[in-house]
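Trainee: Just dropping this structure here.
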């Protein structure tokens, strides 16, 4: 009996141990499970929905595990959205980068394309400038050679001392018409001759007439050289003739000025009546006329050269024609500037002489200056040697040097030696002014061009 009772107790104790004990945590979980079952059944039974109780909603909203599950689900959605957005942004950035690279390549290509023609134009412009400078130097050299050779012919031409003795007879009234005659045959700087007109009309002609101006200038230079050789031969002959005729007393005398020369030329056949005047004028050696004819011949040759170029230059290429025409225009421009500078210096020197007309020794100073320094053109020498406004100076210039005597010549030479530094300073100042005017004209031409 006792054993049976013990077994029964053991069985009861085992059953009691095997039965679950309901704790508060288990109660909450069971309620949550029931609410989840209700929600699932509600979603599955859509045609005939089973409403979820309010208690289940409250338990589900209060349970942290369900909230974490829902948050986790939302995070997954957000991550997916972020992934899609990142992919879109990457594609957009790639497109932008590619477009930016294309723009950079285009921008880099454009300056290279623009730099190449700029370099080409700079090279062409530098070559053109060098050629223009060379042409201008050649033109200046030719002008200086022609201007330097012509004035040398005038001092060499002159009668001997016998003619000077005969010059004492004519009076003041007869000097004015005789000396005014050679001045009328000379070209004045204010009224340009046909050469200046052709230079002014040259740019208006067609480009074909200008295409080979440099070759024409070279031809002119050769012609000028030949003419200069002829002039030198004629000068040597003319110098030899008066040396043979003149006595040895002419060795110590200074060469007479141009005003003296003009009076000497007019003196030998001068009686006091009007017919004698005409004969004296006809008996003058035509030095001024010969120079004028020589300049006229040069102008005619220069006028013929563009016509020949216009006839024979039509077969050239258009680019060469344009280039040669530009060079021809530039050469003409530089030559005009040189002529203007020379004219300005000549006018300034003449103004300085007019201010110093009151000095009685001016004619002798001019003779010494003409001998010692040598001016550029024949026109300047004639103007400095002859001044029709001052009769006293012209009378003193016309008197022979033998009458004045040797001591007077010594005094005049000493005075001229004292005045030479002043004359040198004046000439240097005038040369500086001429250079400054040339530079100013060049700057104006460059600004206009």
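Heads up, the Cβ atoms here are built off N, Cα and C, so glycines get one too.
What you see is a predicted model, and the numbers here were worked out from it, not measured in a lab.
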Trainee: Considering the residues 126, 178, 394, which is the one that Swiss-Prot annotates as phosphoserine?
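Mentor: Checking Swiss-Prot against 126, 178, 394, the phosphoserine entry points to 394.
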Trainee: According to Swiss-Prot, methionine sulfoxide sits on which of 25, 364?
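Mentor: With Swiss-Prot as the source, methionine sulfoxide is noted for 364.
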Trainee: Run through 98, 204 and tell me the one Swiss-Prot describes as O-linked glycosylation site.
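Mentor: Out of 98, 204, Swiss-Prot attaches the O-linked glycosylation site annotation to 204.
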Trainee: Say a student had to find the O-linked glycosylation site annotation in Swiss-Prot: which of 91, 121, 249 would be the correct pick?
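Mentor: 249, according to Swiss-Prot.
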Trainee: Compare the Cα of residue 430 (phosphoserine) against each of the recorded positions 35, 56, 99, 142, 325 and report the nearest.
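Mentor: Comparing Cα positions, the candidate nearest residue 430 (phosphoserine) turns out to be 142.
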Trainee: At 10 angstroms around each C-beta, which of the modified residues 99, 215, 325 has the fewest other C-beta atoms nearby?
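Mentor: Selected from the modified residues 99, 215, 325 on minimum Cβ neighbours within 10 Å: 99.
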Trainee: Summarise the compositional bias 'Basic and acidic residues' (233-242) as counts of helix, strand and coil residues per DSSP.
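Mentor: Computed counts for the compositional bias 'Basic and acidic residues' (233-242) are 10 helix, 0 strand, 0 coil.
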Trainee: When the Cα-Cα distance from residue 99 (phosphoserine) is computed for each of the recorded positions 56, 142, 325, which gives the smallest value?
Mentor: 325
Trainee: Could you tell me how many residues in the compositional bias 'Basic and acidic residues' (323-351) are helical, how many are strand and how many are coil under DSSP?
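Mentor: Result for the compositional bias 'Basic and acidic residues' (323-351), in helix, strand, coil order: 29 helix, 0 strand, 0 coil.
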